[in-house]
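Reading through the structure tokens given below for one structure.
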């Protein structure tokens with residue numbers, strides 16, 4: 001909004017003395033215009049929606065007037081608030097489960113997105129009897145908070161607010177293959193204690209490289225009995241399902257008011273308005289979709305989407321987030337097996353009228369739209385879904401097994417691991433294999449998690465391609481132990497985004513997620529890029545940008561690439577572009593490992609050791625920046641080990657010293673990773 005006060009303080013230039021500055025008419029018009037401007041701004045401000053939260057107490061309300069905060073938690077009648085930091089939806093799922101659990105223990109809970117609340121009001125929880133703040137906090141990337149927890153993280157770092165009397169516990173979600181395992185959850189746990197809050201249950205650590213669901217269930221089953229003892233309450237013993245939403249069928253509704261896949265504003269896909277973000281994605285036309293690999297049984301693809309006129313800006317190293325849709329055939333099978341009209345227009349309305357989450361997904365909509373655009377029906381369902389659906393199994397054995405899988409008992413964990421995870425059964429497969437299980441579709445839609453955006457490292461530079469974004473991806477497709485063909489949701493959807501000859505262009509709902517994976521500020525610094533397979537993606541952008549800088553006459557340091565694939569004649573991605581870049585000097589040295597073209601497998605880490613003298617000079621003497629992109633579980637670890645060994649051998653260090661040396665490079669931003677497991 002313009003700064004009205006600054007504008008009104010500006011004085012007109014002086015005129016000749018004998019003439020009055022303004023005539024009476026000028027003054028009248030000036031006053032009228034100023035009044036209209038002020039009225040416009042004031043009315044515009046009033047039109048903005050202001051959350052109407054219920055007051056905790058009259059004393060709280062009076063204290064709030066002296067506070068710098070604009071709102072506080074709508075906690076009337078609630079004593080459990082579960083905050084979540086979630087990037088892929090799992091943290092939010094766990095928070096919802098814990099808030100529902102509270103009802104079984106005579107408490108009332110709510111799940112809350114910290115992005116939607118002013119967290120300096122956290123201290124107000126101390127005013128509520130038997131109150132508790134639970135934090136389900138995921139760690140993103142290299143120890144970073146998730147997007148929705150960034151402001152909360154910043155506040156924790158800067159705040160000196162006293163949280164005496166606030167009870168809390170934390171469950172952290174992370175992955176042990178990453179350098180900073182559960183860093184965000186551990187930080188929140190430690191920092192809340194430093195601010196005076198009381199930890200009432202130990203920090204839970206969930207490992208997605210192992211079995212995150214099992215870690216959570218085990219922690220949760222120990223947590224609630226401890227809370228009952230702490231607060232002196234007893235479980236109600238109520239094992240029946242607790243519905244969070246009620247179904248409303250719309251038999252006579254204007255279809256212009258029905259959501260058809262939009263994530264936020266109704267009709268946002270028809271009338272696009274910037275700025276574009278996670279709740280308002282841009283529909284980018286696909287202008288290129290080509291297969292990258294020359295042979296082999298895999299499908300690696302290169303897509304280009306057009307962002308002309310969108311005002312979207314990106315930098316090399318950023319991620320593009322895309323919103324896929326589920327396979328139509330699977331959606332139709334679900335409708336058929338449950339015997340429902342998928343085109344029925346429905347709303348699922350929250351039974352808690354005071355909750356800020358009115359629906360589990362945009363409503364009103366149809367079952368078909370919900371199952372296609374909003375719900376994750378492909379991933380194996382979590383244990384809470386099986387527990388809730390068990391009541392609908394008419395075979396007592398099926399019901400018993402489903403409830404058993406939701407427990408922390410060793411037998412139940414083993415059954416869930418084998419039947420659901422190892423056999424990779426999605427909800428359709430479970431319904432097909434358990435004929436006695438036929439739940440109401442509205443309850444199924446309530447329980448299924450939201451379909452999340454997929455993130456891809458951008459394979460282009462905005463300096464060279466300001467109006468398009470390039471994506472490099474491999475089609476996920478495999479057969480499960482039950483003989484079912486399973487396809488990746490996003491990659492299958494992207495593969496089918498073809499550019500038709502008739503001029504029709506498929507579109508991709510997308511937005512940009514900023515990254516810390518950045519080229520050095522000084523172009524003269526050498527860069528060492530290690531990216532096998534589709535890990536090459538961000539480096540295509542880096543190479544394009546380094547080439548552009550050279551064309552601008554900038555001094556550009558050495559640009560060294562280590563790429564790996566299986567066979568030179570099959571999956572050497574971007575071979576022509578890379579070899580041309582080396583020929584023109586944009587790439588100083590191109591190192592390619594073809595792992596299966598000889599008897600002894602050769603990977604990128606082997607090439608690093610082969611070139612150890614050059615690498616050590618570039619890193620230790622020439623201030624090179626190192627970038628790793630690709631698989632976190634094996635490749636990134638092996639590459640890091642190779643750098644340790646080079647530092648040991650050529651730097652005369654012990655392993656401990658070499659480890660510290662590489663970690664210092666990370667701290668300085670000279671060793672960056674964009675990895676996934």
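The first residue you see is number 1, and the count goes up from there.
Glycine residues also receive a Cβ, built from the backbone N, Cα and C atoms like all the rest.
Looking at 20-41, 42-63, the range tied to transmembrane segment in TrEMBL is 20-41. Around residue 601 (NADP(+) binding site), the same-chain residues six or more apart in sequence whose CB sits under 8 Å from its CB are 595, listed in sequence order. Around the Cβ of residue 181 (FMN binding site), the same chain contributes 139, 174, 175, 207, each under 8 angstroms and 6 or more positions distant in sequence. On its own chain, residue 605 (NADP(+) binding site) has 635, 638, 639, 641, 642 as residues at least 6 apart in sequence with a Cβ closer than 8 Å to its own Cβ. With respect to residue 454 (FAD binding site), the closest of these binding-site residues in Cα terms is 89, chosen from 86, 89, 141, 298, 603.
Taking only the Cα positions, the spacing between residue 89 (FMN binding site) and residue 490 (FAD binding site) is 16 angstrom. Take the binding-site residues 298, 454: by the count of other Cβ atoms within 10 Å of each Cβ, the lowest one is 298.
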